[in-house]
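Quick notes on the structure that follows.
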Amino acid sequence: MEPAIQLSFQSGGKKPRRRVSFNRGGRGEAKRPALLLAAVGGAETERDATAAAAFSGSSDALGAPGPAMAAPCLEDPSLERHFKGHRDAVTCVDFSLNTKQLASGSMDSCLMVWHMKPQSRAYRFAGHKDTVTCVNFSPSGHLLASGSRDKTVRIWVPNVKGESTVFRAHTATVRSIHFCSDGQSFVTASDDKTVKVWSTHRQKFLFSLSQHINWVRCAKFSPDGRLIVSASDDKTVKVWDKTSRECVHSYCEHGSFVTYVDFHPSGTCIAAAGMDNTVKVWDMRTHRLLQHYQLHSAAVNALSFHPSGSYLVTASSDSTLKILDLMEGRLLYTLHGHQPEVDSPVPPGRGRSQESMQSQPQEPVSIPQTLTSTLEHIVGQLDVLTQTVSLLEQRLTLTEDKLKQCLENQQLIMQRAPP
């Protein structure tokens, strides 16, 4: 990915409407779109209102009456902003809730906070010792969290001073970070195979979730903060109860590593992306697979729901983003431009601008299937080796305890024996 960030806006009527830049595209129907409509609690008569708010930033689209959406414009939106300042590839982006600031992380080990107001200077925050892999604004926008390959998490105050608090978070790369909707806690995911929950204001570790047997790529809170969902290279998506700290369900339908997962704004569905080039959507209540998309020609690295819940944008190593109409179960637009791959669309759920692409298509870049299979086999063998070592350590500890007990018993017998 180039070390630059692009945004696009398109005018409609009197007021500009924020959109991603898109080319109309089109193949691929999803399975059972009607089931998704039922799962999010929407009625057929509500779909017009949902669509009307689709790109206008409304978070009340479901169930809110409104006019029908006009037909999509055939013209691509024009480029509105192009931010350039990182010295290496951009790995992640996130808008503040009020959309006045945009944070980005990079392989240059720095964060940048960009201001949407023209002529405003950006802030550069240095502190991490390696690639910044994830960024997330708190709901209030007063804090900015970042995770890195240096195994730490930093909580920044996004102002000119750039002060931060360091959390020695994990024993391996931190892949994901996400604030709870109340801002009181945040969750992290790591290559050390754990998901950890932290207190924001007390700045302390709360608890760990550790049933994954491979790297955890992503972890997110549900909209109500009661559940946590995680995606892993063990090919599973797990749903956790925050209160009981138990895994309440595992989804195992992916045929390869699961790279990203997120909750539908209604909290009733989840969507997951995988290295098998697919996106899957499940009903959280019945655990049924609602929709299955295989539209990309390479791994899907990230996804993001629109706040209305009607649309989903996906980012892939095939250098494209795709916008899906979840209510119709079909592909709406394909966005070309990044090279060689797209790591992250603008993160979800805030009625804000999304990352824009230039309109020039690029050749897809994909990992050979044989290499993917070989790597998966190696990772699998390493997992078996790790489990074997763990089992041997447990048996050795048990043997040492028994030997110690035998020696103590023998000593007691010798003390009691008559001279």
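All residue numbers here begin at 1 and follow the chain in the order shown.
Cβ coordinates come from backbone N, Cα and C, glycine included.
Please treat TrEMBL annotations as automatic predictions, because they have not gone through curation.
Straight from TrEMBL, the features:
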type	residues	note
COMPBIAS	354-366	compositional bias 'Low complexity'
REGION	1-27	region 'Disordered'
REGION	338-366	region 'Disordered'
REPEAT	83-124	repeat 'WD'
REPEAT	125-156	repeat 'WD'
REPEAT	167-208	repeat 'WD'
REPEAT	209-250	repeat 'WD'
REPEAT	251-292	repeat 'WD'
REPEAT	293-334	repeat 'WD'
Remark   = Counting only residues at least 6 beyond its ends, the same-chain positions whose CB falls under 8 A of a CB in the repeat 'WD' (167-208) are 133-140, 143, 145-149, 151-155, 214-221, 223-225, 228, 230-232, 240, 242, 245
Ask   = Do any residues of this chain, six or more beyond the ends of the repeat 'WD' (209-250), have a C-beta under 8 angstroms from a C-beta of it, and if so which?
value = 172, 175-176, 178-182, 185, 187-191, 193-197, 256-263, 265-267, 270, 272-274, 282, 284, 287, 349, 379, 383, 387
Note = Residues in the repeat 'WD' (167-208) per DSSP class, helix first, strand next, coil last, are 0 helix, 23 strand, 19 coil
